[in-house]
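Features of the protein shown, as given by TrEMBL:
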COMPBIAS  343-353  compositional bias 'Basic and acidic residues'
DOMAIN    17-104  domain 'PGG'
DOMAIN    149-261  domain 'PGG'
DOMAIN    358-472  domain 'PGG'
REGION    298-353  region 'Disordered'
REGION    508-528  region 'Disordered'
TRANSMEM  53-74  transmembrane segment
TRANSMEM  81-99  transmembrane segment
TRANSMEM  111-133  transmembrane segment
TRANSMEM  158-174  transmembrane segment
TRANSMEM  207-227  transmembrane segment
TRANSMEM  239-256  transmembrane segment
TRANSMEM  268-291  transmembrane segment
TRANSMEM  366-384  transmembrane segment
TRANSMEM  412-434  transmembrane segment
TRANSMEM  446-467  transmembrane segment
TRANSMEM  479-503  transmembrane segment
Amino acid sequence: MPALLFCCSPLSQRPSTYQAGLNPPGGLWQGDGDGYKAGDPILLTTSSRRYKAFYYCNSVAFVASLVAIVLVRMKTLHHHNALEAAMILDLFGLIGAYAAGSCRDVSTSIYAVALAGAVLVYVVIHVVFFTLGHSDGEASAEKEVKDAESVKKRRKRLLLFAILAATITYQAGLTPPGGFLAKYDPVTGNHAGDPVLLNNYPRRYTAFFYCNSVSFMLSIALIILLVNPNLYRPAIQSNALSVCTAAGMIGIMGAYAAGSTQHRKTSIYIFALAGFVLSVVFLLVVLFYVIDPDKKNRTADEPTQEGRPADETTQEGRAADTTGSSMEADPEAQKSDAPNEMAAEREAETKDVDEYEKKLHARRKYLMLLGILVAGITYQAGLAPPGGVWQANDGGHEAGDPVMHDNRRHRYLAFFYSNSASFVASVVVIVLRLPDSLHEKWWMDWWLGVMNTTIVLDLLGLLVAYAAGSSRSWKTSGYVSALVIAVLAYFVIHVVLSCFIRISKSRNTQNRGGTSQPNKQLQLAQIG
């Protein structure tokens, strides 16, 4: 197992634990008081034991991630499983820090930790039941190699998702949307450092907390399982980890719908937006089917032929003509060389198929990475909108409501729905990459086209959200749009110039070849 793959989780968790240590859950005091000074953690004053548990668990996770990164560079320690031990310590530190920092009572912390155990129990039960009575018999060596390669690729995809989910849900759980109370609220009885969303809408906060916690614990359990080959191979082959991944994405979407707004109607709109994106994906599938309905009936060799350059085909044709003429002249050579030629052709076809599949896998992997990147960005932006949130119930607004929603409503709505559409589209792209049945040969091009189009819509939504949320005037938003057009124009000019230069070079090469051939013939004639 590559050490670099092991290093992905510590690298991703290091910024989370670093930020959580500098900006602890509960917020900071804004002024001096009895037993504390401005800038001290509120949780240290209101619940010192809980704060110390969070602080030391978070510090252990941070140090363990640094040690894991150092161990990657020391190959001699790889044989002693030191890297795996550091990763496990890192993950357990994250679980302890999350349970202590995201909750304010012992029972809720226990429930949060129990979620991780429930995930592990489910995976074991799933593997046992789905492998019961399942026997492949004696599989061929070629099939075993293909299965091992498929498991390896799926493991990388699942690990990427787990890293994404663990990073964003850890931060969201410790610093929930709406911020924290700055002082005691006599009406609800909540103390300073408690989440504002819990103070205003307890049910909505509970929905956000458990959806976020389920996704976080699922991701941690996935990383733990993906460390050991004896655990992840049967879990991947039985699709247990894919089910957990899909459940984690649903949890992230539920947490986004509950935490990005304090209004039930807006949460319903988010789920309606998810349905709209799914309908768009379905329409894209139908569209690609209408454009190319005979793709399923094509042979497996066609992608290989399409993926090969034209000059190679021409060279092969010339070689075939030359070989054919020589064979006609010598029948004995034709009989002896026929098996060798067939073996060479099979080897060339297999090589071309492998190269074509590698290119398709690389494209799908890049789409997955884009989906993960955009999902993480939009999730955090939706829970912590630009402009901040109100800190108190004054002037007709509630604490925790976005400031931009009251000051610049239309701009905020443009940001919110564009960001939400981009987030949902990213989740859809990630989910489409999970089942291998969607990536069979005759489905490959269709799904690549669907995912490419979805990613383009995803990035357009992200661009609109940036233009609406990063500025406070429509004039500045217009400048951002003009910059986009200018960048696109730059790339168009670059491509046109590149094509022109290549055409000029090819023409010069052809002219030189055409003039050199008559000169050679003239020299031979003079010699003769």
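Residue positions begin at 1 at the first shown residue.
Cβ atoms are placed via backbone N, Cα and C, with glycine included.
Just so you know, TrEMBL annotations are computer predictions that nobody has curated.
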Closest-packing stretch to the transmembrane segment (207-227), where packing means Cβ pairs under 8 Å, from 158-174, 239-256, 366-384, 479-503: 158-174
For the transmembrane segment (479-503), sequence-distant contacts whose Cβ falls under 8 Å of one of its Cβ atoms, 6 or more beyond its ends: 463, 466-467, 470-471
CB contact flag for the transmembrane segment (366-384) and the transmembrane segment (111-133), at least three pairs under 8 A: no
Beyond the flanks of the transmembrane segment (446-467) by 6 or more, those residues with Cβ under 8 Å of it: 277, 280-281, 284-285, 288-289, 292, 295, 360, 363-364, 367, 370-371, 374, 377-378, 381, 414-415, 418-419, 421-422, 425-426, 428-429, 432-433, 438-439, 477, 480-481, 484
Integer mean pLDDT for the domain 'PGG' (358-472): 82
Residues in the domain 'PGG' (358-472) grouped by DSSP into helix, strand and remaining coil: 88 helix, 2 strand, 25 coil
Spatial neighbours of the transmembrane segment (111-133) far in sequence, C-beta under 8 Å, 6+ residues away: 95, 98-99, 102-103, 213-214, 217-218, 220-222, 224-225, 234-235, 237-241, 243-244
Cβ contacts under 8 Å made by the transmembrane segment (158-174) with residues that lie 6+ beyond its boundaries: 5, 8-9, 12-13, 15-16, 19-20, 24-25, 94, 97-98, 101-102, 209, 212-213, 215-216, 218-220, 222-223, 226, 236, 241-242, 245, 248-249, 252, 255, 259, 368-369, 372, 375-376, 379-380, 383, 430
